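Asks: Quick one: the structure is below, and I'll ask about it shortly.
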């Protein structure tokens, strides 16, 4: 006599009702700052001819992903904090889950593509325009988005074809893989294994591309004896390396591990790092470390 779950209830932030208003204001400000920073960066990249290069083309894709990632989760969380409307339908949860995993997966692959772009720029500067052509940029960008969507389709089908017939309270502020697996009333071991293998293979492949690219960059720098090479390489790769460390660290802590290690409170903190703070920090990191971006942003702001 157990009925199937038709909706879920977010309880990730309701365990501290006395500070709900404070959290609402804090997260709203972070969300608005994230939107403003990434929109301005997108406008600067699209309108400034100095930024019409492969590096900034990929950075524009990253800013678009950083716009989508918090937009998928934060508005619903803000509504839960202010209006106490914590319910979400089964189909709504499925769509949110699919969208979020697609964006996160695409960003992982995009960061690997950006690492390869930096490798070519540092190690083969004279051949850079011919290697990283406009056609290759379009193919790489399309490939990252397609891989992210297919990866999300697989993960979502594995999670949402499970049976949900008991508790419907999600210990999180959005529909994510670990809390959904914890709610299922059917066996999840085989699906967890598939999810771990797929996430491990795809994630480690992207990570290997990134690590190998930076090892080659390091070896190239050590092989050259020209003055100022370290400063030039750091200004070229430092921003991307900082973003990679922040994003990879938080996503690996969230997804590449078995469900018995799931901790609602810890996962909530980690998910906020890559779901809210990383999209906020990305445009700041790139604008602070890049003179061309700073000049373009100044022109955009002065025009506005």
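Placed from the backbone N, Cα and C atoms, the Cβ positions cover glycine too.
Residues or ranges marked as domain 'G-protein coupled receptors family 1 profile' in TrEMBL: 37-286. Sequence annotations record features per position, and here TrEMBL assigns transmembrane segment to 21-44, 56-74, 94-116, 136-154, 193-221, 233-257, 269-288.
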Asks: Determine which recorded stretch among 21-44, 56-74, 94-116, 136-154, 269-288 has the most C-beta pairs below 8 angstroms with the transmembrane segment (193-221).
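Replies: Comparing 21-44, 56-74, 94-116, 136-154, 269-288: 94-116 has the most Cβ pairs near the transmembrane segment (193-221).
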Asks: Have the transmembrane segment (21-44) and the transmembrane segment (269-288) got at least three CB pairs under 8 Å, pairs 6 or more apart in sequence?
Replies: yes
Asks: I need to check the long-range neighbours of the transmembrane segment (136-154): which residues 6 or more away from its ends have a CB within less than 8 Å of a CB in the stretch?
Replies: 54, 57-58, 61, 98-99, 101-110, 113, 198, 202
Asks: The domain 'G-protein coupled receptors family 1 profile' (37-286): mean pLDDT?
Replies: 82
